[in-house]
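Novice: Starting off with a structure, shown below.
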Amino acid sequence: LTCVTGKSIGGISTEECAAGQKICNKKWTKMGPKLYDVSRGCTATCPKADEYGCVKCCNTDRN
């Protein structure tokens, strides 16, 4: 499985997931008005969102 770890004007960066990590995730955390910290990567289970963010998980390549 290959997950996107970052997106920018220059393109996307990806990582190959380790054994046992079969889910790609993207997590948004609100840092301020219209300002979010976004993290992406591989995981074994879909993390839960906290009160200031949201999480999207999938098990397909490069989403």
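Residue numbering: from 1, along the chain as shown.
A Cβ is built for glycine as well, from the same backbone N, Cα and C atoms used for every other residue.
Remember, predicted model here, so these are calculated numbers, not experimental data.
Look at Swiss-Prot and you will find Cys3-Cys24, Cys17-Cys42, Cys46-Cys57 tagged as disulfide bond, backed by similarity to another entry.
Burial and contacts for the listed features, if you can.
Specialist: All protein chains shown were included, and the count of other CB atoms within 10 Å of the CB of Cys3 (disulfide bond) stands at 23. The secondary structure of Cys3 (disulfide bond), as reduced to three states from DSSP, is extended strand.
For Cys42 (disulfide bond), the same-chain residues that are 6 or more apart in sequence and have a Cβ closer than 8 Å to its Cβ are Leu1, Cys3, Glu15, Cys17, Ala18, Gln21, Ile23, Cys24, Asn25.
Mapped onto three states, the DSSP output places Cys57 (disulfide bond) in strand. The Cβ of Cys57 (disulfide bond) has 14 other Cβ atoms within 10 Å, all protein chains considered.
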Novice: Cβ-Cβ under 8 Å from Cys46 (disulfide bond), same chain, 6 or more residues apart: which ones?
Specialist: Ile23, Asn25, Val55, Cys57
